[in-house]
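Listed in TrEMBL for this protein:
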type	residues	note
BINDING	H107, R108, K123, K130, K131, E132	substrate binding site
Amino acid sequence: MAADGGQDLITLTTDRLSADRVSESVTCPSCGAASLFIGTTRDNFEGKKVIRLKYEAYSPMAESELRKICHEIRTKWPSVRHINIQHRLGVVPITEASVVIGISSPHRRDSLEAVKYCIDTLKATVPIWKKEIYESGEPCWKENKECLWADAGKDPKQS
């Protein structure tokens, strides 16, 4: 719970994510904006046919980093009321959500900017690893290009 009574909800789960539940969790009478980001599994990457993704995380550190992001958002955008960050772990089929972020504020600018900051910072700092499973060829662990620990040629899980 944030100091102003706002909620910071963080979920890492193998369950299917629901944008509707995230939206409902951040909606409140004092806010005119509830902004959402939904990241889904696409069926291709650099010309290869992707059939599913698999996510793994070091959960205690990932949750700690997500709490830091919530704190940073509240510092940069003090009007933000509720934050809900959900990230799926395990297998995520094509078109299903891997990550859903919802943020509410009295006006749209703050919630929209905070959602963008949240997903960009999540991808850069949170220890969640993605394995792409292709129709043909070897599966591949991927690191986000935004990762602070990114180093060309290294296995992202060995950082």
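Every residue, even glycine, has its Cβ placed from backbone N, Cα and C.
Taking a C-beta cut-off of under 8 angstroms and a sequence separation of 6 or more, H107 (substrate binding site) has the following same-chain neighbours: G32, A33, S79. Just so you know, of the binding-site residues R108, K130, the Cβ with the fewest other Cβ atoms around it within 10 Å is the one at R108. E132 (substrate binding site) counts 21 other C-beta atoms within 10 Å of its own C-beta, drawing on all protein chains shown.
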